[in-house]
Amino acid sequence: MEPAAKQKVIHITYLIAALDITWLFLQFSITPYLARRLGFDTIWFGYLQTTVGVIQLLGGPIYGRFADVFGARAALSVSCLASVVYFLLLAVADNTFMLFVHKLPAVFMHALPGAQMVVADLPENEKRAEALGKLGLCFGVGMIAGSSLGGTLSTRYGEKFAASFAAVGSLVSLLLVLNFIPKQTKIHTVPESNKKGSSSSVFNLGEITRLMKFPGVPKTFTVKIISGLPSGIFQVMFSIIAINFFQLKAEQNGYLMAYFGIVQMVIQGAVIGRLTSRFSESSLLVLSVGISSLVGLAQAMMTNVFHFCLIVIPMMFSLSVFNVITDSMLTKSVSPSDTGTMLGLCASVQSLLRTVGPTIGGFLYEAYGVPSFGYIQCIINAAVFSFLLTTGGRSQPNRP
């Protein structure tokens, strides 16, 4: 592909990612309040979140492998189509059973990892972290638009209308994928073993798990899971914290999420690119983990939403840098033909956190309250910070 054509594809991918995140955060303004209206308590809402985590945990690696075998267009099309079904089911969910059923299409909903694969494939290796950071800028745009739109639509027109609106939006995303994303975005030739295109190659667990044996991958992957666990627990429980601890209504919660998005946009768009061009990825990884530990201590001491708004700035900085750097390090550790599978595994880390997070978070919230989330984050990340300082952020060279 010519450089101009690559840039066009990347820009369209950014748009698709921003739209997908918009519909995702619009849904976040619907589900907690719908669940509470249907009689869900904190524990049952945790079960609902765990269901999503399990479904996406199973689907993430397979989706990544599917993207490597069949290409970006097919992978993103499947994700957008699943989103249409997901939101249509949410629109008709009027009981506990249907609220759980509508989560099933989430097994295929991995548009952000699909977009990450496109962005990781097209730029040069040394520009990958910056390109992934700009994709995070789209995340911020989607967070602002989705949170504000979801709160407004659900408050003024009802939850069913908001869910239907998201279904139509997902259909628009599908049309963009079919019209502008090329069938294959990988610059390098895919190995013959990956070209079979059979279902057995997609579901070949050996092809997925072999990536964990590449130099540098086990250490980075372990850090990604352990360090990300406390913040993941806080994130999956945040909707409950916003309702019960901060006493926010749907529209107010939407404005708070929009504030998250503004902060993330500034960090992803104006900060991460400059940092990656001046400092090594290993140094930035250590920095992000250290700041995350301090953020946990601050969260343990907060008492109101104003305190939390102050904490959001370092929190979003540490999360953004940590996710971009670990994804970049992991995709550089494998061959270009395997970036989709590796990004699928990275997405499964988030799904794993959403799987165990609600159960652990529900117990901590009921037994020890909101400060327990902060203390655990502080202790775990302080331990990981010490480990990284002792061993170095990266002990193995990139794979050529």
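The count begins at 1 with the first shown residue.
Each Cβ is built from the backbone N, Cα and C atoms, and glycine gets one as well.
Here the structure is a predicted model, which means the values were calculated and not measured.
Taking the domain 'Major facilitator superfamily (MFS) profile' (6-394) as a whole, pLDDT averages 83 in the prediction. Under the heading domain 'Major facilitator superfamily (MFS) profile', TrEMBL lists 6-394.
If you look up TrEMBL, you'll see 12-30 (among others) marked as transmembrane segment.
Residues or ranges marked as transmembrane segment in TrEMBL: 42-63 (among others). Under 8 Å from some Cβ of the transmembrane segment (42-63) lie the Cβ atoms of residues 31-32, 35-36, 75, 78-79, 99-100, 103-104, 106-110, 113-114, 202-203, 208, 236-237, 239-240, 244, 341, 344-345, 347-348, 350-359, 361-362, 365-366, all in the same chain and six or more residues away from its ends.
Feature annotation from TrEMBL assigns transmembrane segment to 75-93 (among others). A Cβ distance under 8 Å defines the sequence-distant neighbours of the transmembrane segment (75-93), meaning residues of its chain 6+ beyond its ends; these are 16, 20, 23, 27, 30-31, 34, 63, 66-67, 99, 101-111, 114-115, 117-118, 160, 163-164, 166-167, 170-171, 173-174, 177-178, 181, 340.
Residues 10, 13-15, 17-29, 112, 115-116, 119-120, 122-123, 162, 165, 253-258, 260-269, 272-273, 276, 320, 323-324, 327-328 of the same chain, all 6+ positions outside the transmembrane segment (131-149), place their C-beta atoms under 8 angstroms from a C-beta of that stretch. The feature transmembrane segment is assigned by TrEMBL to 131-149 (among others).
Annotated transmembrane segment per TrEMBL: 161-181 (among others), in sequence order.
Residues 28, 31-32, 36, 42, 45-46, 49, 53, 212, 253, 256, 285, 289, 292, 296, 299, 315, 319, 322, 326, 330, 345-346, 349-350, 352-354, 356-358, 360-362, 364-365, 370, 373-374, 376-377, 380-381, 384, 387-388 of the same chain lie 6 or more positions beyond the ends of the transmembrane segment (221-243) yet place their CB under 8 Å from a CB of it. Sequence annotations record features per position, and here TrEMBL assigns transmembrane segment to 221-243 (among others).
Summarising the annotation, TrEMBL assigns transmembrane segment to 255-275 (among others). Taking Cβ pairs closer than 8 Å, the transmembrane segment (255-275) reaches residues 25, 28-29, 129-130, 133-137, 139-148, 151, 242, 248, 284, 305, 309, 312-313, 316-317, 320-321, 324 in its own chain, all 6 or more past its ends.
The annotation transmembrane segment is assigned in TrEMBL to 282-299 (among others). Sequence-distant contacts of the transmembrane segment (282-299), counting only residues of its own chain at least 6 positions beyond either end whose CB sits under 8 Å from a CB of the stretch, comprise 223, 227, 230-231, 234, 275-276, 307-308, 311, 314-315, 317-319, 321-322, 325-326, 329, 370-371, 373-382, 384-385, 388-389, 392-394.
Feature annotation from TrEMBL assigns transmembrane segment to 305-325 (among others).
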